[in-house]
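Peer 1: Just dropping this structure here.
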Amino acid sequence: MAQLLMVTVTLGCISLLYLLPGTLSGSLGKGLRHSRPREPPAKIPSSNLQPGHPSLQPVVWKSRRHAPQPQGRGNRALAMVHLPQGGGSRHPGPQRPTGSRRPHAQLLRVGCVLGTCQVQNLSHRLWQLVRPAGRRDSAPVDPSSPHSYG
């Protein structure tokens, strides 16, 4: 059972590698293709660059449609895939309405500044201050001591 799971995961990873641009060329026996190093993103855009200038667009976020195609030999299975240039879909059939859907696996950050430990420490401190007066620790809570915060 474990071997079947391992084979399934391995084949899934290999097929995902073939879908990524520039990771494998040809078959598995030909080896890996060396990729070019990425350009660092522009830190501060200068005033003489136009908004559509290519140096303002990070390389990581470019769509595969607009990325330059490598010259020479490539994966023939990937070369057969036609990427439409006019914004159409490469999947035939009925079109689904595309809305602003968020991916399920990615969490959105909503601006919480406090970390988990800070929230736990503040909760513990609040509990220390408002807990019932019947049961107290042997030592009183010292607000200036870092040990009284958690």
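Backbone N, Cα and C atoms are what each Cβ position is placed from, and that goes for glycine too.
Dumping what Swiss-Prot says about this protein:
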DISULFID  Cys112-Cys117  disulfide bond
MOD_RES   Tyr149  tyrosine amide
REGION    28-102  region 'Disordered'
SIGNAL    1-25  signal peptide
SITE      Arg109  site 'Required for CALCRL receptor interaction'
SITE      Thr116  site 'Required for CALCRL receptor interaction'
SITE      Asn121  site 'Required for CALCRL receptor interaction'
Peer 1: Please state whether DSSP places Thr116 (site 'Required for CALCRL receptor interaction') in a helix, a strand or coil.
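Peer 2: The three-state answer is helix.
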Peer 1: What residue among the recorded sites Thr116, Asn121 has the most other CB atoms lying within 10 A of its CB?
Peer 2: Asn121
